[in-house]
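All remarks here apply to the structure that follows.
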Amino acid sequence: MIKITVKRFNGEKEYLESYEVPENITVLEALEYINKHYEANILFRASCRNAQCGSCAVTINGEPRLACETKVEDGMIIEPLRGFKVIRDLIVDREPYYKKLLGIKNYLIRKNYPEELEILIPKYVEENKELRGCIDCLSCLSVCPAREVSDYPGPTFMRQLARFAFDKRDEDGREITAYFENIYNCTTCAKCVEVCPKEIDIVHRAIEKLRALAFSKGYYIENHLKVRENVLKYNRSVVEEELPLLKQVADFYPAESEKLRVAFFTGCLVDFRLQNVGKDAIKVLNAHGVSVVIPKNQVCCGSPFFRTGQRDVAEMLKRKNLEIFNKLDVDCVVTICAGCGSTLKNDYKERKFEVKDITEVLTEVGLLKYKPLKMRITYHDPCHLRRGQKIYKQPREILKSIPELEFIDIEARCCGAGGGVRSGKPDIANLIGKSRARMIYDANVDAVITVCPFCEYHIRDSLKRFKEENKIDKEIDVMNIVSLLAKVI
């Protein structure tokens, strides 16, 4: 027997109850066992028992899961889905969801009915097949950071709109509805994709495609055009403030005993804002036996434009970088920006080179014996690294290898900067950032480490605002993992 805990609600107060249940059964079976053997009368929803109806979704150890397909574990905590009004025990109020579905017209709309029988081409049906796989479990809504702080309805609503927007029979302008339903509030953190039991890629298959369609029809965020102007003028998404990194460094930095030769993709912020981070990266790579080639004519990866629907600029930048990096004789291209790495890996389909995050490279060539560093730190998982590239073990392996460094792990949560939200919807970005800042301060650390210049900037700003608003004396530093390593090699 093992022990699990269930969060109860009797209509007036919440409380926790623990029960012993058999091993090797599902959470749904455990709840039924508890009601039968303990007469607990826990209320919950369930129907198909086969992961098809979505009704049994609950929060398990902090993550939304289907009770019918999740095995019980000792110490497991079961709660109702977060982000919804709780009616009783594990039952949440789904009524607002269904009303909103009707509000966005989740049905095929024809304005001009065909006179003859239409033949659906299999290719078009297949394109939308993934979007039709939703089982309405509402897991994605329960974890969406934008929905939590704004009137953005959430991922599954955008999936519904995309489902019809890309159906050639529908004639309702779903991209316009998406625009007015605040599709640009989405940070593209892909937490919705991570928790979806049907593995629907809502970010790439729905959000970004709807944004591209909306942009083509003139529905966009005005501030995103400023970023567009920057890249068309400077080949960077930000304006130059001091001498760029690419004008400060050499073309090649050889390692003494070369284990690997890489091309360094700097990204916009490291080139134009965080030049010292770029220099630290070169120093750290060389110290680990990695020679560094630095192409001076590289440009923005295009991530801000892929994410915000500006496909024309994104494709133009991609072509430029492919022409540069496809010619290089290196083992791989290394990035120190989560957004750049995710874009190169996932959007550069025509590339002839392998892309690796710097933490991948360092753990593969072998970590050094680092100098001790007395510091209490936590790590922020950039969304485009953890979910965009499936990299989360390597940074932790590096941090845990530094002697005397006290590492406090916290929940992986979006900082609010991505998906064009920091530039286009700063108020939304700040609200999400405030939540992240609170978690970091609650960890009582000296510094937060990350592997994304964009996260670094936004978390630093969020911590500063949180400190001032709450009159906190403690200062928490924010740094890229390469800058931390530069201190201990």
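The backbone N, Cα and C atoms fix where each Cβ goes, glycine too.
Residues C186, C189, C192 are recorded by Swiss-Prot as [4Fe-4S] cluster 2 binders, and the candidate that the same record lists for that site, out of C137, C144, is C144. Taken residue by residue, the domain '2Fe-2S ferredoxin-type' (2-84) breaks down under DSSP into 12 helix, 29 strand, 42 coil. In this structure the alpha carbons, written CA, of C186 ([4Fe-4S] cluster 2 binding site) and C68 ([2Fe-2S] cluster binding site) are 30 Å apart. Among residues of the same chain six or more beyond the domain '4Fe-4S ferredoxin-type 2' (177-205), those with a C-beta under 8 A of the stretch's C-beta atoms are 51, 54, 57, 63-66, 69, 104-105, 130-131, 133-135, 137, 139-140, 142-146, 150-159, 161-162, 165, 211, 214, 219-221, 307-308, 346, 383-384, 387-388, 414, 416-421, 424-425, 428-429, 432. A gap of 20 Å separates the Cα atoms of C48 ([2Fe-2S] cluster binding site) and C140 ([4Fe-4S] cluster 1 binding site).
Each of L28, A46, S47, R49, N50, A51, Q52, G54, S55, L66, A67 belongs to the same chain as C48, C53, C56, C68, is absent from that list, and has a C-beta within 8 angstroms of the C-beta centroid marking the [2Fe-2S] cluster site. Counting only same-chain residues at least 6 apart in sequence, those with a Cβ under 8 Å from the Cβ of C137 ([4Fe-4S] cluster 1 binding site) are G54, S55, C56, A57, P64, L66, P197. Taking all protein chains in view, 29 other C-beta atoms sit within 10 angstroms of the C-beta of C189 ([4Fe-4S] cluster 2 binding site). Put simply, C196 is the one of the binding-site residues C53, C68, C134, C196 whose Cα lies nearest to the Cα of C144 ([4Fe-4S] cluster 2 binding site).
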